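Quick notes on the structure that follows.
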Amino acid sequence: MSTCVEQPTHSASLDPTAAQRLPYPDLPVDILRRSSVRGSGFVAAALVSSARKADDDARHDDDDPSGDRHETYGSHYLANLGVEQSVRDEGTVDAWVESSQSLIRLTGKHSLNGELPRLMRHGFITPVPRHYVRNHGPVPRGDWATWTVEVTGLVRRPRALTMDELARDFPALELPVTLVCAGNRRKEQNMVRQTLGFNWGPGAVSTSVWRGARLSDVLRRCGSMSRKGGALFVCFEGAEDLPGGGGTKYGTSITREVALDPTMDVMLAYQQNGGPLLPDHGFPVRLIVPGCTAGRMVKWLKRIVVAPAESDNYYHYRDNRFLPSHVDAKLADAEGWWYKPEYVINEMNTNSVITTPAHNEFLPINAITTQRIYTMKGFAYSGGGKKVTRVEVTLDGGENWLLCELDHPEKPTKYGRYWCWCFWSIDVELIDLLACKEIAVRAWDQSLNTQPEFLTWNLMGMMTNCWFRVKVNVCRPRHGEKAGLAFEHPVRTNQPGGWMAQQKHLETAERTSAATSTTNQQFTMSEVRKHASQDSAWIVVHGHVYDCTAFLKDHPGGADSILINAGTDCTEEFDAIHSDKAKELLDTYRIGDLVTTGGAEQRSPLELAPSPPIRHEGPAAPVIALSNPREKVPCQLVARTVLSRDVRLFRFALPSSGQVLGLPVGKHIFVCASIDGKLCMRAYTPTSSVDEVGHFDLLVKVYFRNENTKFPDGGRMTQYLDSLPVGAHVDVKGPLGHVEYVGRGGFVIDGKPRKAGRLAMVAGGSGITPIYQVIQAVLRDQPEDKTEMHLVYANRTEDDILLRAELDRWAAEYPERLKVWYVVSQVKRLDEWKYSVGIVTEAVLRDDVPEARDGTLALLCGPPSMIQSPILPNLEKMKHQLDDSVVSF
């Protein structure tokens, strides 16, 4: 076989294990040599073998009725990969993993979830570093020499297979397979109504040549039992530690029939495009289930269990489900929709995308261009091994359809299966586009499955395969220039814009104008940035501009919560911490819409690529870590102490060992993390002293899944932190809050100074932490600080009382400064409990906190239900002025 591959200049960058040299040893040379896809995973994208048994001694004579299967799929699909600088996730637990800067990151810095913008430029086979990535958490470190895959359950010969055994003892299968995330094109659904998923564009699809051992061979070698023996499913589990379900691995399952069916080509893959798997793609071994949602293809595979039932893993039930459109998150939880088998996603549906014309592409109109032919292009795919047999384009809303030319580089398998995407193209006269308002495409497969005209919204935003529509507008790009045709895609990946965004803005404006007198003004981002102060605080959420200045004094979290994002697009952070009710309230403050300026490069979301980052030598780290409230500060987990079944003490190191956190007493921070692909932010108050250098401590009560019927999923952030390994990073942001203790009875509340000689403190559960900070500050300034503190602290049980040892010790050492009274809902031995049982009643408050008089301030922090009733009504009975002398953190 002879193949011409254009070589990049710097050959050193083409080392097949360059991206994993530190954490991984090279694969054994004899294993690499067996692949017909020569070279590394970086450049072997040029070479594609057909679906076949790769070992000559294992091939069937009739595997290749059409001739030599070692030929390439055509040099015209070969793209010059070039040499690009890999980037690392600095400041995260995945800092050791190299990833392509070409990928558009969709969920922040970590974990990596990204798609390739210049998808079709690389042809039929996607270069490994540019293959789309879907990670739920940190990337496990693997070692070929020590890694094993356990095969257990309903098998007669359970065993732990080494990587050498998988690669040498089983006939190798090698074939190209297109992987697609079931959430591909999800951003289109999110423009209609927000789903539970993040904004995939149309690029969550990639194709590689995978090599591995057939799963059916492995199961037969281990003696898989029959259906009569109870074997109905095969379950898979990866190695990564994830927060879902209170802490688990990623797991899922397929039916036994699919696992053992030789026509389905299910494999345990250990090579991709002729080289070892890269860390982000599952090194050293992953599952490949062709034609299926990639959510079944477990990476970093560690366990295979033949079982009588499908996987009970959290991610098997809470991901890759296509629920009916009427089911929202509350209904899904309340009625158990997650567990209904008829809504599980396995085979992918039929889909197609337009890549040419690109988004913002402009075609001038003149006497010459109107005589030209314009070639439209795109790609299409289907699931279940079905061949895409037809792609059609309409220029008139579906009244008439034009048949496209198909390009199928893939050859069918021995059993007639097609596991890969194909390309389509069609020539149209430019003059025909002048009367066209919209271009739409649809594909058909061999079972005559096609794409619906409109999308079907569903809770997880899965299986978006409606017609892909590109709007056509006659416009003049700049004053004085000639008119032409401008094309607009439905959405832009990880950027504002697209005709669906404009449509949503118009619909929202129509609804809002009926209820308010808001003008539909348009603002640029540069105008918004000018309004970033207490005098004028604007924010952008989902493309709308809001003037929140009037709400600064009323925000429950204080003005800081708004000012920290004033002048910015804070869509992701707003969605991460606000309820639907808060989102409705926001409409009151809408003043217009955000517009993007012209002059953008005329390229599609699938063609745009981010510019390489410009690295500057930064100044020395500031003494205060939280020197800029608008910036997130990466902090590394350096210690984790288990204090009880559900209480943890976490110590996080600051970026510099000489820094202090810089959090004023009474304020809090946001801890930020990407959990299941979505930003999650929660407020915490450190328990460490504000003077601590180099680190801070968080005391966290973990709310586990299925322990509270009202919140069956438990706490997203607390479970995430509980599963976080030492060495991992989280981002913190702050300070925030409207209460600050400045010492010796002095407070600043909503920006106004306040003096208090007596503090009536009421805390519930983990709400003790900001009050604990105030107590700590008062007692640290003894004997100068004369403030008297009276604390009533409520919990469910005695074991739930946080920081009790410290509180009791301080109360004993400073009886004139601090008095503590506990209230619990239930006790083990009533005769041994000297405090109150039940709820915080008026009698408890009258006995244990001071009544209202000059110099008394009530500080509250706890669950809203507790604060609203009984605390506030009872304090009001004690003559406390709720709008003056009562403050909630």
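Cβ coordinates are placed from backbone N, Cα and C, and glycine is handled just like the others.
A simple way to gauge crowding: the CB of CYS181 (Mo-molybdopterin binding site) has 24 other CB atoms within 10 angstroms, across all the protein chains here. Classification of CYS181 (Mo-molybdopterin binding site) by DSSP places it in coil, neither helical nor stranded. If you look up Swiss-Prot, you'll see CYS181 marked as Mo-molybdopterin binding site.
In sequence order, LEU586 are the residues of the chain that are 6 or more apart from HIS578 (heme binding site) and have a CB within less than 8 Å of its CB. Summarising the annotation, Swiss-Prot assigns heme binding site to HIS555, HIS578.
Taken from Swiss-Prot, the feature FAD binding site covers 682-685, 699-704, PHE711, 716-718, SER766, THR769, and the record attributes it to similarity to another entry. All protein chains included, TYR684 (FAD binding site) registers 22 other Cβ atoms within 10 Å of its own Cβ. The secondary structure of TYR684 (FAD binding site), as reduced to three states from DSSP, is extended strand.
The compositional bias 'Polar residues' feature in Swiss-Prot is assigned to 1-14.
Residues or ranges marked as domain 'Cytochrome b5 heme-binding' in Swiss-Prot (evidence: sequence analysis): 520-595.
Here Swiss-Prot flags 630-742 as domain 'FAD-binding FR-type', drawing on sequence analysis.
Taken from Swiss-Prot, the feature region 'Disordered' applies to 1-20 (among others).
The region 'Disordered' annotation in Swiss-Prot covers 52-73 (among others).
Ranking the binding-site residues TYR703, PHE711 by C-beta neighbours within 10 Å puts TYR703 at the top. Between PHE711 (FAD binding site) and CYS181 (Mo-molybdopterin binding site), the C-alpha separation comes to 29 Å. Per-class residue totals from DSSP over the domain 'Cytochrome b5 heme-binding' (520-595), listed helix then strand then coil: 29 helix, 19 strand, 28 coil. According to DSSP, TYR703 (FAD binding site) is assigned to coil rather than to any helix or strand. Take the Cα of HIS555 (heme binding site) and measure to each of the binding-site residues CYS181, TYR684, LEU699, TYR703, SER766: the nearest one is TYR684.
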